[in-house]
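Q: Annotation comment: TrEMBL describes 466-705 as domain 'GH16'. Look at TrEMBL and you will find 28-47, 59-81, 101-118, 124-147, 159-181, 228-252, 264-288, 309-329, 341-361, 368-388, 400-421, 442-460 (among others) tagged as transmembrane segment.
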Amino acid sequence: MSARAAVLDQGDAAADLPAERNLRLNTVALIASTASTGVLGLAFWAVTARLFPPAEVGLASALISSAVLLSTMSTLGLDVLYERFLPIAGVRAPALLRRGFLLVAAMGLLTGAVLVAVGPRDPLFQSGWAMAGFPLMVLVLAVFALLDKASAGLGVARWAAVKNLVHAVAKLAAVAALAIWDHAVTIVLSWTLTAAVAALCTYVVLQRRSATHPRWRQAADLPPRRQMWSYFGSSFGIASLWSIGPLVVPLIVVTQVGQAANAYFAVTWAMISALYLMMHLVVSPYVAEVAAHPEQVAALSWRMVRTMAVVAVAASAGLVLVGPLMLGLAGGDYRSEGHSLLWLAAAFLPLSGVAAVYEGFSRVQRKLALYLSVQALMTVVIIAGSWVATRSMGITGVGWAYLGAEALSAAILIGPAVAWLRRVRAGQDGRARHAAAGAGRVWLRVGSVLLATALPVTLLCSVDRPTASAAVMMFDDFNGPAGSRPDPARWGYDLGGGGWGNDESQVYTDSPDNVALDGDGHLVITARRDGDRFTSARLTTKGRLSFVHGRAEARVRLPRGAGLHPAFWLLGDDVDAVGWPRSGELDVVETISDARFIHNGAIGPDTDGREYKLAGTLPIDPPFVDDFHTYWVQRDPGVISMGVDDRTTTVFRAGDLPADEQWVFDKPFFLLLNVAVGGTWPGPADDTTPSPAAMTVDWVRVTGD
């Protein structure tokens, strides 16, 4: 132990807790706070989802996500400098705090202004006030973020935990109280103003501690300036790379899938990112304690590893067991859209624990080159993977991108992490309670780290994975000006009346009154009363797109009312040549009248050319169809599966057909979307039938081999 360390230990005996106890206290406080703020953060987005329109929630979440991640970049790596060097800064600590926070505040203004100047103004910034206020928002959140590591460097990470918890409660109360103004700016201000108050109070008490505590009234013991600049450069690179991926991903979701989809992503990701943060916050008190007590590096390292293993497994299990229930608080569509992303996060969060552990070890050694290189590789995988995968899988594609990045990172870093643990164990000071353990015990402890990498294997068995050979044949998210037609290269129209084989009463048209984009990323098919008749629309991909084996799915909100019969279905390409039912028909979803059940089925010919029907029904509460749900059909050789969201409702197999019924479903089929009115099945429309009655389609996707 150095002479200076001995002096500090004596001077701090009355004020500081022993190193391991202080590490445990700060770590537990951060974990408890992060878990609580994660729940409260989800509650925040759940409340906004209930009280604000989805488009406003999506816009606010994109602004907040962008500001949070720009604020992380704006810290310039000073946060990890504080974490690593404030414990040994001595009398220089107050000045370092003041200068650092001023620099970060200035960078927050600058990065926010840059995004306003060169970023996607539409749809992010819809007024001059939004453009002027965004840099201030980044400033506040940058200072707020820097306080976490500054608290850790001053040995009181638990104060940051209190700050974060108070902010989580305050912003939730604010957004609920101000919800009468149901605009995105209300959500943003509730988040930002409460953060500003919490940050100011925390900075004042930290500045006072740095000026009065005995540890920071000693002479500074900082390393040479060159080493600090090297550490700073690497830390800045890591912080920038860590920020770029999450900064870009919400923008990818907004532009590729739409604002409403970003609302579902934001609510789900709020819970995931809170657990991400919790795992990385375990590292911060460890680095600060080792900097203050380097002679205890072995004991502190093993304590951090054990804590990380427990947190990683608990985080993964929590997402699987509790996550869907929490999403359900926001609404059924939030749960259905975010469910797969939750499961993928449960797989990649334990993998991220390996990188977090190695990050702590590299910061203690002040050797960040490998970790910096791995972060660069992860950033490329996350951005490229999200860009490609969201086009075919929606927000679930983000989960696959993160899973690939974290798996690659863990594979690279697990070896160096284990090697470090061996080295510090071998170099212990020989005290009895830290005596070297036998090989079996060492490998038992190493196994706690390896457990985090083995857990995803089990979880991935429960996730619907795209087949390796699947290719996106079509993805239409219906972006375009309000009142415009859907893409004519993808969609045509069936026109006219005559009953359509079911004594239906509507006349199909291609008028914008019956079929048009709404300007918010949706296709709207509208049945409406026109004198003594109804007009509607029937869209088809006939002659434009068909597929044999693969998956067709659509995210749809269905109308209900007397005589209404909306449908998403498929017909065989050869219908004009062989006629119906020899062409085959696949009904992915149909409802009738007041929508008390979902119908799906298949219709084919027997050997005499007469129709046979395979049908399945799912009883529902009628309000179910008032929300968006994803209806799908999976076509494999000899097998047809259908379902809604993550539930399979019907499976038809060629091998189950009687000998006189022909399986005609392994050939090209095209897609249809329509709203019929009246007919032999739903019955006639009456005075209670809503007009207009709209079927709203968020997106349609077809993947095939």
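Each residue's number is its place along the chain shown, starting with 1.
The backbone N, Cα and C atoms fix where each Cβ goes, and this holds for glycine too.
Note that TrEMBL annotation is computational and uncurated.
Mind running through what each feature is packed against?
A: Among residues of the same chain six or more beyond the transmembrane segment (101-118), those with a C-beta under 8 A of the stretch's C-beta atoms are 66-67, 70-71, 73-76, 78, 125, 131, 134-143, 146, 203.
Tertiary proximity for the transmembrane segment (159-181) is limited to same-chain residues at least six positions away from its ends with a CB under 8 Å from its CB atoms, namely 26, 29-30, 32-34, 36-37, 40-41, 43-44, 47-48, 51-52, 144, 147-148, 150-152, 187, 189-191, 193-195, 197-199, 201-202, 205-206.
Sequence-distant contacts of the transmembrane segment (228-252), counting only residues of its own chain at least 6 positions beyond either end whose CB sits under 8 Å from a CB of the stretch, comprise 61-62, 65-66, 69-70, 72-73, 75-81, 84-85, 119-120, 222, 262, 265-266, 273, 359, 366, 368-369, 371-372, 375-376, 378-379, 382-383, 386-387, 390, 398, 401, 405.
Panel annotation: around the transmembrane segment (341-361), residues 238, 265, 268-269, 271-272, 275-276, 279-280, 282-283, 286-287, 301, 304-305, 308-309, 311-313, 315-317, 319-320, 323-324, 327, 371, 374, 395-396, 398-400, 402-403, 405-407, 409-410, 413-414, 416-417, 420, 449, 451-453, 455-456, 459-460, 462-463 of the same chain, lying at least six beyond its termini, place a Cβ under 8 Å from a Cβ of the stretch.
Residues of the same chain lying 6 or more positions beyond the ends of the transmembrane segment (368-388) and with a Cβ under 8 Å from any Cβ of it are 231, 234-235, 237-238, 241-242, 244-245, 248-249, 252-253, 256, 355, 358-359, 362, 397-398, 400-402, 404-406, 408-409, 412-413, 416.
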Q: Under an 8 Å Cβ to Cβ limit, what residues of the same chain, 6 or more beyond the ends of the transmembrane segment (264-288), are close to it?
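A: Residues 22-23, 26-27, 30-31, 34-35, 37-38, 41-42, 44-46, 49, 57-58, 61-62, 65, 80, 83-84, 86-87, 148-149, 152-153, 155, 157, 246, 250, 253, 257, 300-301, 303-304, 307-308, 311-312, 315, 318-319, 323, 326-327, 330, 333-334, 337-338, 341-342, 345, 349, 352-353, 356-357, 359-360, 363-364, 395, 398 contact the transmembrane segment (264-288) from elsewhere in the chain.
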Q: Under 8 Å between C-beta atoms and at least six residues away from its ends: which parts of the chain pack against the transmembrane segment (400-421)?
A: 245, 249, 301-302, 305, 344-345, 347-349, 351-352, 354-355, 357-358, 361, 365, 370-371, 374, 377-378, 381-386, 389, 393, 445-446, 449-450, 452-453, 456
Q: State the mean pLDDT for the domain 'GH16' (466-705).
A: 91
